[in-house]
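Student: For 372-424, the entry in TrEMBL reads coiled coil. As annotated by TrEMBL, compositional bias 'Low complexity' applies to 153-180. According to TrEMBL, the compositional bias 'Polar residues' annotation covers 229-247. Per TrEMBL, the feature compositional bias 'Pro residues' maps to 280-289. Annotation source TrEMBL lists domain 'UEV' at 8-153. Positions annotated as domain 'SB' by TrEMBL: 437-504. What TrEMBL lists as region 'Disordered' is 150-193, 227-338.
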Amino acid sequence: MSRPVPHQTLEWLHRVLLQEYRDVNRTYSDVVVVLQSYPSLAPRTHVYTYENGNSQLLLNFHGTIPTTFRSAVYNIPVSIWIPHEYPFAAPFAFVTPTASMSLRPGNHVDTNGRVYHPYLSYWNGTDPQTNLLGLCAVLCDIFGKEPPVYGKPQQQQQPAPLAQPSQPPQQYSQPSVAAQHRNPFAPGPHLAHQAPISQDSLISFGTVAPAYNTAHKQSQVPSYAAAPNFSQQQPPTYASQYQQPDAPSSVPHIPQLPQQSTQQPMPPVSQTPHLEQPPIYHPQPPLPQTPNNANGFSFPPLSYHPGQPLPSVPPRDIIDESPPAVTPVSSQPAPALPPHPEQTRLLNDIAAVLQKKSTQAQSKMQQQADHLRGTLDMLKRTEAQLARQQSELTGISEACARNKTILKDKIKQAEASIMESSQRGDVNVDEIVCAEAVVFNQLYELTADDLAIEDTIYVLGKALDRERISLDIFLKHTRTLAREQFMKRALVRKIALDTGLSHR
């Protein structure tokens, strides 16, 4: 799913693109779509050096893109450079392996990490489908078929030598054959005073002593040395035929049997049919070196201690012994058999596979649900937008209908006026232009006569200058016109004083 890009990043991106890039709007929209679709990519400006040596400050994507290879998702580090001529020039894509990775050249990636593909070779900037998002999809596809990087093999470091414990070297003694045959659960001379070997203590030394393989089955001999407190002392003892004794200088002693509250005592041999008899070991001389087994574990040589006496066990008199008490058979049902380990392992494997498939199906369904929710939100927004546009169109349609009605009425009025004016005769301009009172009409006429007389006197003066008329004629007509003009001006002045148009 896409995530929103921070507002600060958008402002910075717009400022960067305004400086050098040719098509700012197209580049801005393509870059924002890539940032929303691939959150693992981050934009920056960096200097890019071309093959001819020229350098330019270009916008650069750096980060990782997710790639699916053999049903596993890997993040491939890439770097995408956007030239100033984008989208009319194709971007440059490089694979940038980290310190823990090595570059793997292939069909689409050279030794320098540059990516070559027909999508870049036949780049068409005029096609809106050819953009940065399509380039990222192509990179995911080709990297999923042929990964361009692989992890470097980690150098195995030699482990530091472990500090030896302060106690003397461990000695392993083989239990007595006769004693084990007589009483398989009786503790040996070194078994009574030893400290139990826990699984944690064995693991802390780096190796775990495996069971010693013999020709017969070996049954685990339980330890009867009771611990003071099980909640704070050593963890449970590690079941093995060989136990780690204490220091040789300590005097062995026979411990007391544990109480019922701390550990349940071992039942007699006759009542435990599920326990096998311990094997009989044939003494052999110690070998100088024990070869390693198939698992790489080495066993210490067995050492015998003939000087230490074995505990004497009185012989058993079967004739004089009283017959064992017959215990009534319990009416309770027999305990359930333990589950088969192979069946348990198969069930666990099946459960793991089902859990994995369930997780994958749940993730896929979650993605589909998110996609459907996004589609539903988009449809709701589109529906609201369509409803708003429909209401606007309804209002516009009603306004157009009202305007149409008004226009029809005005057209009818205009046609009626045209018909009425066509029926009238010619209009006298002097009758149309008139004042609101008779006195004002008289004033208008007197003013017009005054101006006409003045123009006439001017024309007579021009004619006299050109000698068209004589001086006598000029004086005669000028005297007459001046007398008439004087009378008209006097009347105009009187009308103006009476009507209040002029002050004395």
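Each residue's number is its place along the chain shown, starting with 1.
Every residue gets a Cβ built from N, Cα and C, even glycine.
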Student: Give the mean pLDDT for the coiled coil (372-424) on the 0 to 100 scale.
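Tutor: Mean pLDDT, the coiled coil (372-424): 93.
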Student: Per DSSP, what is the residue count of the domain 'UEV' (8-153) in each of helix, strand and coil?
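Tutor: Counting residues per DSSP class in the domain 'UEV' (8-153), I get 45 helix, 48 strand, 53 coil.
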Student: Residue counts in helix (H, G, I), strand (E, B) and coil for the domain 'SB' (437-504), per DSSP?
Tutor: 57 helix, 0 strand, 11 coil
